[in-house]
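Trainee: Structure incoming, see below.
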Amino acid sequence: MVLENIRNFSIIAHIDHGKSTLADRLLEYTGALSEREMQNQFLDKMDLERERGITIKAQAVRLNYRAANGKDYILNLIDTPGHVDFTYEVSRSLSACEGALLVVDASQGVEAQTLANVYLALENDLDVFPVLNKIDLPAADPERVKQEIEDIIGLDAHDAVLASAKEGIGTREILEEIVTKIPPPQGDSNKPLKALLFDSWYDQYQGVIVLVRILDGMVKKGDKIQLMSNRRNYEVLKVGVFSPAMCEVAALSAGEVGFIIAGIKDVQDAKVGDTITSLHNPCDGPLPGFKEVQPMVFSGLYPIDTSQYEQLRDALAKLKLNDSSFSYEPETSLALGFGFRCGFLGLLHMEIIQERLEREFNLDLITTAPTVVYKVHRLDGSIITIESANQLPPVQEIQYVEEPFILASIHVPNEFVGGILALCEEKRGVQREIKYLTPTRVMVIYELPLNEVVLDFYDRLKSITKGYASLDYEHLDYRRSNLERLNIMINGEVVDALSLIIHKDKAYFRGRDLVSKMKELIPRQMFEIAIQAAIGNKVIARETVKAMRKDVLAKCYGGDITRKRKLLEKQKEGKKRMKNVGNVELPQEAFLAILKVEG
């Protein structure tokens with residue numbers, strides 16, 4: 001196939017704006033799927049993707065289309081994840097394309113994530129053209145949304161395609177736009193092989209399958225290839241395309257998109273953004289933009305039933321096979337037993353992994369409150385990174401602590417702006433700007449500490465705005481902050497699973513909330529229990545669970561006071577001894593409830 005007749009494109013859209021449904025229509029129209037095979041959201045292979053309406057992994061499908069001009073074209077649709085946590089994956093998938101469809105809901109208009117991904121596309125020099133979806137809805141207002149696209153994004157939208165993926169309206173027009181507006185790929189099949197790896201996953205029979213976009217050269221079965229980031233060498237066992245089922249082809253050449261199977265055993269070796277080249281005739285250098293993805297949010301995962309520890313370990317290993325951005329290592333907690341400390345790209349990534357563990361592997365888990373990566377500058381000049389409160393060195397060794405900040409852009413209807421500003425101020429945010437995008441929609445931009453966002457920011461945001469807000473964020477930098485470790489002590493013993501790193505201004509309120517919550521949850525014992533919140537050696541809040549009392553005087557009818565006193569003294573002694581040796585069992589509910597205390 002000549003380069004002139006190939007088009008590589010992706011679809012950019014906010015969650016629920018109809019991206020996967022539109023992809024279904026394109027597959028159906030070009031005959032890639034028969035009516036019988038058609039299932040909604042065909043490209044979202046995981047149940048979880050379909051259910052939450054999000055795309056987690058990239059997919060690539062080859063469509064054959066005969067255009068109005070009579071020529072046959074190959075259209076490669078690269079389906080990208082649309083969520084903020086997967087920004088790096090999106091940017092790599094986009095760099096495999098020459099153009100993108102910007103799908104906007106004709107009733108809702110432009111949302112925060114749409115903006116972020118459009119900017120990524122423009123950074124990668126893609127030609128972007130808008131499509132207004134859901135025009136069949138009664139609330140659709142195409143003219144207003146066209147104006148929004150022009151005002152906010154700066155794209156010319158006067159001739160945007162009007163479509164309804166659900167009803168199949170506008171599908172042909174979209175395909176014609178792809179052929180006419182998106183440029184063909186550049187590349188030279190005679191040069192040394194240079195291919196961009198933009199996704200990989202594990203297949204239990206064939207090892208790791210990698211999705212690639214060939215930029216120069218060609219690759220066929222039997223070739224020796226090398227991954228440039230780690231210099232590993234492999235022999236190609238199979239090359240092919242998805243149409244949308246896997247089809248083996250003789251070779252993939254410049255401009256094409258397809259898969260390579262080369263007996264790679266570990267997804268860790270096939271990193272997104274890497275460059276693949278020929279072992280004996282390598283290209284001059286790797287593609288720019290490759291970076292190792294670093295986890296930003298950490299959380300402890302513990303099985304509720306300790307006998308499930310091995311199952312949890314196997315489950316994590318299986319998930320890691322398909323997700324190189326997820327990391328885990330074993331850790332133990334005095335309170336929760338054996339578990340794992342896991343690293344995630346962000347909150348959605350964390351939720352997805354937890355849900356997959358519970359759903360696909362039937363595990364019951366406790367997750368500790370999410371934390372972020374802090375940088376601790378010690379007095380001896382060294383810098384250490386920590387991701388849990390238990391790793392924080394003693395106060396006397398610390399010079400200062402830095403925490404990560406993010407730049408958050410929040411799109412909200414204007415009646416909710418007051419509530420959003422109050423929430424951001426409460427979360428120690430620094431206001432950057434407020435833009436009125438339209439008379440009814442506002443974009444609020446804040447710098448926020450990631451630590452404050454990981455706990456409950458998103459839930460609070462949604463409840464303040466009745467679900468109308470959309471949030472997008474990017475990582476900024478590390479900043480010096482006044483952070484301390486807050487410990488919860490029960491009868492003088494520190495409960496390690498409940499320690500947290502918190503800003504000094506909030507420590508007192510958080511400590512008070514935690515101890516009063518625990519007072520309700522810890523069952524009464526035969527002796528009194530002191531629950532304290534402390535910073536270092538200084539106790540800042542305390543509650544006491546009163547002891548239950550057995551009436552030892554019940555058998556004394558009247559009689560001498562000294563007899564009664566003797567029995568009471570004896571009871572007092574017993575309680576004292578009990579308090580020294582008795583340890584308090586914390587019920588599981590106590591942990592779960594504490595993790596839900598408002599941040």
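Cβ from N, Cα, C; glycine included.
Take a look at what Swiss-Prot says about it:
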type    : residues                                                                 : note
BINDING : Asp16, His17, Gly18, Lys19, Ser20, Thr21, Asn133, Lys134, Ile135, Asp136 : GTP binding site
DOMAIN  : 4-186                                                                    : domain 'tr-type G'
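Tell me what's around each of these sites.
Mentor: Spatially close to Ile135 (GTP binding site) yet at least six residues away along the chain are Ala106, Pro142, Leu162, Ala163, Ser164, Ile169, Gly170, judged by Cβ distances under 8 angstroms.
As a whole-number mean, the pLDDT of the domain 'tr-type G' (4-186) in this prediction is 73.
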Trainee: For the binding-site residues listed here (Ser20, Asn133), which one has the lowest count of neighbouring CB atoms within 10 Å of its own CB?
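Mentor: Each of the binding-site residues Ser20, Asn133 was scored; lowest Cβ tally within 10 Å is Ser20.
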